[in-house]
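**Student:** The domain 'Major facilitator superfamily (MFS) profile' feature in TrEMBL is assigned to 1-374. Annotation source TrEMBL lists transmembrane segment at 26-51, 72-89, 95-124, 167-183, 215-239, 245-266, 278-296, 302-323, 335-357.
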Amino acid sequence: MQTVKKQTLAVSAGVHATQDGLTSTVYVLLPILAQSLGLSYAQVGIVRAVYSGMMWVLEIPAGILSERFGEQRLLVFGLIAAGLGYGILSTANSFYGVLFALLIAGTGAAFQHSLSSALISRVYDGPSRRVALGTYNASGDTGKLLFTGIASLLFGVGVAWQTVVSGYGILALLASAVLWLVLRRLRVKGAESIQARQPSTTASWGITDRSGFRWLAAIVFVDIAVQDGFLVFVAFLMIEKNMPASLAAFAVVATLAGGVIGKFACGHLSARLGVVRSLFLVEVFTAAGIVGVILLPPVAAFVLLPLVGIVLQGSSTITYGSVSQFVDEARQSRGFALIYSMANGASVAGPVGFGMISDLYSVGTAVAIMAVVT
């Protein structure tokens, strides 16, 4: 059983690293796309929102479809779609071409979070489940760090963004083939077999505590809106501080580097202090860190970014790790799909809303509002 647990976590983490790496590469592409296509801040937000929008629309259907086709098949499909989307993106030469490509890639990205989270929750229980989900979330940030770091370095040495994007698309397609081969050997009961063995005694969505689940969903929405908004505009904030654009892109990488540590640390923090106290501490430090980035000079702000990343992204481990407490065992995929759908909705609203504020006032004003709503 321990072998199955470890293999399930490893496979889920690998998919998460790849998909989140592809998703986050968009952040470091935004300054380049804005410059080459002459985008406004609102359009920058829309570019990011299209990717998240498809994840928002398809997250719940993905959870439901997993009960018919199994999480494993849909995880493979997700990687294929993401790879194709990146392939199309490498040929895009207009604002609408970029939107279409990211629509395809975002479709693929929708088929992973709730599916992998459900697989992990099915083989882990008790305190180990929260730690396992923390490890899973950290793998996503590891992928974000690797993909954005490599892309930023390649851009810095003069490699065309189209070349980097096409390479990532090919990598996703290769990863889908490897995943298919591995999953054929790994036997984990899917949502369908669990339901056949133990029919749910709750409502169709399996929510056992509606009030608690609604509060969790609201917290996730605000949390992710700030997270995504900050990651989209932190590079532009550094540019406003007169930092060169090539170096400003590394602001995203610095923030994500802290996020890797935060996913692990906040999972253990939640296990020790409980959800409410740990989440309160994390959000307070997030707001303080964002204010510091706004007020400090460029170099000092850059040094602070990894610390901001720890708390900014670590909060996700606390919130996502609480989902299973409010959802029936036979409906785990649906419960995670609802929460991730809420998160993806925030990823649409956050960048667009903060982008409009940036156009009306300034990027600094938009980032300051992020600190307030946190």
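Quick reminder: no glycine exception, Cβ is built from N, Cα and C everywhere.
Note that this is a predicted model, so its numbers are computed, not measured.
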**Student:** Using Cβ distances below 8 Å and needing 3 or more such pairs, separated by at least 6 in sequence, tell me whether the transmembrane segment (335-357) contacts the transmembrane segment (26-51).
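**Tutor:** Contact between the transmembrane segment (335-357) and the transmembrane segment (26-51): present.
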**Student:** Considering only the recorded stretches 26-51, 72-89, 95-124, 245-266, 278-296, state which has the highest number of Cβ pairs under 8 Å to the transmembrane segment (167-183).
**Tutor:** 72-89
**Student:** For the transmembrane segment (95-124) and the transmembrane segment (72-89), does the number of C-beta pairs under 8 Å, pairs 6 or more apart in sequence, reach 3 or more?
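**Tutor:** Yes; at least 3 Cβ pairs under 8 Å.
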**Student:** Taking the transmembrane segment (302-323) as reference, which of 72-89, 245-266, 278-296 has the most Cβ pairs under 8 angstroms?
**Tutor:** 245-266
**Student:** Sequence-remote contacts (6 or more beyond its ends) of the transmembrane segment (278-296), Cβ cut-off under 8 Å?
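**Tutor:** Non-local partners: 219, 223, 226, 230, 234, 237, 266, 269-270, 272, 304-305, 307-308, 311-312, 314-315, 318-319, 364, 367-368, 370-372, 374.
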**Student:** With a Cβ cut-off under 8 Å, give me the same-chain residues at least six positions beyond the ends of the transmembrane segment (72-89) that come close to it.
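**Tutor:** Same-chain contacts beyond the ends: 15, 18-19, 22, 62, 65-66, 97-98, 100-112, 115-116, 165-166, 168-173, 175-176, 179-180, 183, 186, 188, 190.
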